[in-house]
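Student: When I checked TrEMBL for this same protein, it listed these features:
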- 1-44: region 'Disordered' (REGION)
- 31-42: compositional bias 'Basic and acidic residues' (COMPBIAS)
- 90-315: domain 'Peptidase M24' (DOMAIN)
- His155, His253: substrate binding site (BINDING)
- Asp172, Asp183, Glu309: divalent metal cation 1 binding site (BINDING)
- Asp183, His246, Glu278, Glu309: divalent metal cation 2 binding site (BINDING)
Amino acid sequence: MATRVPSMELHCPAPLLSGGRAKRLGGLEKASTRSKESEQPKKRAALIRGTVSPPLPVPGSIPRPPYVGTKDVPEIAKEIQMHDKESIVHMRAACELAARVLEYAGTLVKPSVTTDEIDKAVHKMIIDAGAYPSPLGYGGFPKSVCTSVNECMCHGIPDSRELQDGDIINIDVTVYLNGYHGDTSKTFLCGEVDEANKRLVKVTEECLLRGISTCKHGTSFKKIGRRISEHAERHGFGVVECFVGHGVGRVFHSEPIIYHQRNNKPGQMVEGQTFTIEPILSMGSTVCDMWDDGWTAVTTDGSLAAQFEHTILITRTGAEILTKC
């Protein structure tokens, strides 16, 4: 889950929310015209909220993260989460469970299924594994998973809305197992999705993998944003700046903050460090409007957005993707 802070990722500062489209560089602006007319997305109704059911119970025997029980969104921890051999074992276990839950959730994505039904299934699988669904109770978030449909950038709250043929949906799963968080997300296709929207989803996943491919001990964090931006712009998509990746481990959201757009932020990766990379790409506006639930972030122009996320471990020679099963 950015932090809302956003999975979750951090809420962007006000100046980022008030601006226009993401900046493109030089000749890359021409990339936005590359899509063929046949690839233009079909018109569809705007996303509307459904009824949100009460939070689901968690057995008392399952340990809770320290933020559960307070409505306040925790501050981003300043500590860099480093791991020894023992803690890496715990991180792998939490991340592998998160990956399995996400894979299962994806099998539920079909027309007429509600996001509330997906939340219930995810919740049961997590607690059956003896883990806690990290989003539940984080800053008052009322559900166990984030489900972001179509123009929702991230942090969508599961509700009674039925998925429609042609929708895309990001499912963001984080689990808290044995004192460690594993965080991952993926955008799934529902039914028959048109080619333009399929391309958005495909390129977003490619951006994540290209960002990960830059990572190893001693590399500057800013290289992640550059690599992601180059690939997104080449295909005519904008990178959302309002939400970021983050350190993850014993703490849900910590330093380092991972920017997915071009930036000049300082800092270098260190062997043994864990963090998420979770780019969001949009077909149009990269600026978000926030619903009055305080969580659901949608594109200002109703254009579709897609997101993918992995938790990674920095090694001496590269990066290990922990959220795989």
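Cβ coordinates come from backbone N, Cα and C, glycine included.
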Student: Round to the nearest Å and give the CA-to-CA distance linking His253 (substrate binding site) with His246 (divalent metal cation 2 binding site).
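Tutor: About 6 Å separates the two Cα atoms.
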Student: In angstrom units, rounded to an integer, how far apart are the Cα atoms of Asp183 (divalent metal cation 1 binding site) and His155 (substrate binding site)?
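Tutor: So the alpha carbons of Asp183 (divalent metal cation 1 binding site) and His155 (substrate binding site) sit roughly 13 Å from each other.
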Student: Could you please provide the mean pLDDT value for the domain 'Peptidase M24' (90-315)?
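Tutor: The answer is 98, the mean pLDDT of the model over that range.
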Student: Could you round the CA separation between Glu309 (divalent metal cation 1 binding site) and Glu278 (divalent metal cation 2 binding site) to a whole angstrom and send it over?
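Tutor: So the alpha carbons of Glu309 (divalent metal cation 1 binding site) and Glu278 (divalent metal cation 2 binding site) sit roughly 4 Å from each other.
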Student: Closest to Asp172 (divalent metal cation 1 binding site): which of the binding-site residues His155, His246, Glu278, going by Cα position?
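Tutor: For Asp172 (divalent metal cation 1 binding site), the closest Cα among His155, His246, Glu278 is found at His155.
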Student: What's the CA-CA gap between His155 (substrate binding site) and Glu278 (divalent metal cation 2 binding site) in angstrom, rounded?
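Tutor: So the Cα of Glu278 (divalent metal cation 2 binding site) lies 13 Å away from that of His155 (substrate binding site).
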